[in-house]
Amino acid sequence: MMRHRVKRMMLMTTACISLLLGSAPLYAQANDVQQKLAALEKSSGGRLGVALIDTADNAQTLYRADERFAMCSTSKVMAAAAVLKQSETQKKVLSQKVEIKSSDLINYNPITEKHVNGTMTLAELSAAALQYSDNTAMNKLIAHLGGPDKVTAFARAIGDNTFRLDRTEPTLNTAIPGDPRDTTTPLAMAQTLRNLTLGSALGETQRAQLVTWLKGNTTGAASIQAGLPTSWVVGDKTGSGDYGTTNDIAVIWPEGRAPLILVTYFTQPEQKAESRRDVLAAAAKIVTDGY
């Protein structure tokens with residue numbers, strides 16, 4: 001009896017050792033990524049948040065992923081998605097025309113400024129907000145929805161309990177350290193972006209439209225995309241604000257595999273600090289190396 005017990009214990013020990021040895025390379029790889037992100041953060045002098053979700057197996061790479069960061073213009077994805085959600089039941093909402101006045105223009109209006117004293121449809125405003133980061137377009141979307149709290153309500157309705165939009169453009173970009181207004185976490189945003197673009201938060205037609213808009217973004221070449229192989233397809237939304245806040249959220253289609261969801265948020269201690277898209281590109285390269 002004792003001989004059998006000792007043999008069984010030896011087999012269990014051998015199995016445990018084999019399991020540990022088998023997982024050691026994965027652990028070392030994950031630890032290496034964390035160390036590289038920490039080194040990047042330290043060298044950049046700011047605070048970095050990263051969340052990567054591999055939709056093939058739901059594996060996650062996280063760095064400060066549960067800390068709050070100012071969203072800045074990455075919040076435009078939620079506003080546009082809320083309008084798309086309306087279009088599931090209000091078939092003509094995207095073609096609804098909105099008047100553009102000179103008094104509507106604020107600090108960045110590359111598309112809406114061309115339509116002063118005219119109109120734009122909600123579809124055109126959504127495209128302007130997502131693909132050119134037009135701030136007046138964002139405000140028009142928010143106004144149509146009924147205010148920032150309605151954008152937050154949409155987030156709650158699709159299962160995001162972290163996102164909060166409190167203000168309109170341009171004040172939502174103040175990004176004051178410790179200010180919870182207009183913030184989310186990298187992980188929450190990654191999960192929501194996945195739900196909106198690859199999941200069931202939107203109908204098939206609306207989901208396809210959102211993906212098309214994101215793939216047509218004109219502002220992201222120097223951010224996440226710059227850290228990826230040129231053959232990969234990217235749909236993203238950038239954002240920037242005070243304290244050198246520099247953000248990008250993306251759906252990524254590597255060649256021959258399931259999509260990746262990547263959120264990179266970065267902010268700095270000085271209010272007048274310059275944007276650091278290079279930090280986002282470096283973070284993207286670190287976490288996607290090996291895919």
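Placement of Cβ uses the backbone N, Cα and C atoms for every residue, glycine included.
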*Check Swiss-Prot for me: it has SER133, GLU169, SER240 binding beta-lactam, so pick out which one of LYS36, LYS42, LYS76 it puts in that same site.*
LYS76
*Once the DSSP letters are reduced so that anything not helix or strand counts as coil, what is SER240 (beta-lactam binding site)?*
strand
_Distant-in-sequence Cβ neighbours of LYS76 (beta-lactam binding site), under 8 Å, six or more positions away_ = ALA129, LEU130, SER133, MET138, LEU141, LYS237, GLY239
*Nonlocal neighbours by CB distance (under 8 Å) for SER240 (beta-lactam binding site), same chain, sequence gap 6 or more*: CYS72, SER73, ASN173, THR246, ASN247, SER275
*Does DSSP give SER133 (beta-lactam binding site) helix, strand or coil?*
coil
